[in-house]
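Trainee: My questions will all concern the structure given below.
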């Protein structure tokens, strides 16, 4: 086939026109050593702290140590296929994770990839994993209640929206149970829940997911899982991934609740990373910035001012203690960062007081101003009564000849402790909690044996549901007990007293 001269010039013109001078420039480096989820890379001179790096096989990494001659990076994924001499690319982006409504109801890993087999997550919104917490001007004091559905907490250690309340205790004392009950109690409300599982067994996470599905709570819950079998970098980053997802709702005028279960394991993972990166160890071999690790995470939970959308992000971090030692390094750090703590005790747990909350050591520093007024009215004397009961019970062990007043106080205390017990996965609405505590405080349960109080409580709720639902509705709407409502409650309790037989 012959080509004429004018055609040649035409072809050349076309080629020149279509010629693209774009050359892809990527700054690359070479892995000089790798092991235990940490890679040292030579040649990435312009890398940023926290930058996303691209390893062979589509695996991501995060630049943590920027040294003179190399970069120390944590590999966010399986690193068995990566070897010395491999090429690593810069992405010029800080580590980001997907955020938005599309994540609700899903189970994702520490970098926001779905692991529940329900297909990809359809969202075009991404959030940076490391951002600064809102400043003072953007915040507002906590003033709305975050109901947990647990009588002992809502009455004596109330939590508000935007608060950080630590749940602390030994292993097997019901810490996760308190958190899961709080999630279940948000059903039908306007709170999006995020549960971050750090360093837990996969079977435990699967159990949590199935329990939440059973109670219809996955409809408003996101689960971020970095299980025990995953590398330390993923366990370290997962709480930041969770809080980034929560911030999306907070900044869009919505309310979110995030649970970190638990931050002790995140600190251990961070200690491992830091030691492998050759950062100098401090107390208990943790690095010097382990306080900052948790403070920058928990400061991102807050109540936002009306000008910024009036959203909120409430955090319930969990810390596991060893043999009740609250004065260890990580527990004291997190206690000082948070706005109060719920202390769970193994002695109480094994003696049948569940939730096993030690009322003397548990405190809520800001929740009082967020507590529902009706609850404040009935629970005002509760903490004092329980403290007096505990003191008397300690003395009563030594002597048997107690006067009548002391015996009555001990009997009342026993009944109060019994009333505050609650089975798992059965959160109670606020207005019903107010009723049972009102009955306990005003002596309506004093004449019944302690063993029959569980039945008294359930029958009382059934009685009010069936015959006094208008009073429950009034209490729910007014959120306070005025003289009129008080008279109605008293007459209803008197009516119930005639019907109930212990």
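Here the Cβ of each residue, glycine as well, is placed from N, Cα and C on the backbone.
Swiss-Prot lists these features:
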BINDING   169, 170, 171, 172, 173, 174, 175, 176  ATP binding site
SITE      362  site 'Required for activity'
Trainee: Translate the DSSP assignment of residue 172 (ATP binding site) into the three-state scheme.
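Mentor: Going by the DSSP assignment, residue 172 (ATP binding site) belongs to neither helix nor strand, so it counts as coil.
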Trainee: Other than 169, 170, 171, 172, 173, 174, 175, 176, which residues of the chain come within 8 Å of the ATP site, judged by Cβ distance to the Cβ centroid of those residues?
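Mentor: Other same-chain residues near the ATP site: 320, 344, 346, 349, 356.
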Trainee: Within a 10 Å radius of its Cβ, which of these binding-site residues (171, 175) has the fewest neighbouring Cβ atoms?
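Mentor: Sparsest of the binding-site residues 171, 175 by Cβ contacts within 10 Å: 171.
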Trainee: For residue 169 (ATP binding site), list the number of other Cβ atoms lying within 10 Å of its Cβ atom.
Mentor: 27
Trainee: Cα distance, residue 362 (site 'Required for activity') to residue 174 (ATP binding site), nearest Å?
Mentor: 15
Trainee: Go through 172, 173, 176, 362, the listed recorded positions, and name the one with the sparsest Cβ surroundings, counting other Cβ atoms within 10 Å.
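Mentor: Counting other Cβ atoms within 10 Å of each of the recorded positions 172, 173, 176, 362, the minimum falls on 172.
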Trainee: At the Cα level, what's the spacing in Å between residue 171 (ATP binding site) and residue 362 (site 'Required for activity'), rounded?
Mentor: 17
Trainee: Within 10 angstroms of the C-beta of residue 170 (ATP binding site), what count of other C-beta atoms is obtained when all protein chains are considered?
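Mentor: Its Cβ has 18 other Cβ atoms within 10 Å.
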Trainee: Given residue 176 (ATP binding site) and residue 362 (site 'Required for activity'), what distance in Å do their CA atoms have, once rounded to a whole number?
Mentor: 17
Trainee: Name the one residue among 169, 170, 172, 173, 175 whose Cα is closest in three-dimensional space to that of residue 362 (site 'Required for activity'); these are the binding-site residues.
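Mentor: Considering only the listed binding-site residues, the nearest one is 169.
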Trainee: Inside 10 Å of the Cβ of residue 174 (ATP binding site), count up the other Cβ atoms and send me the figure.
Mentor: 20
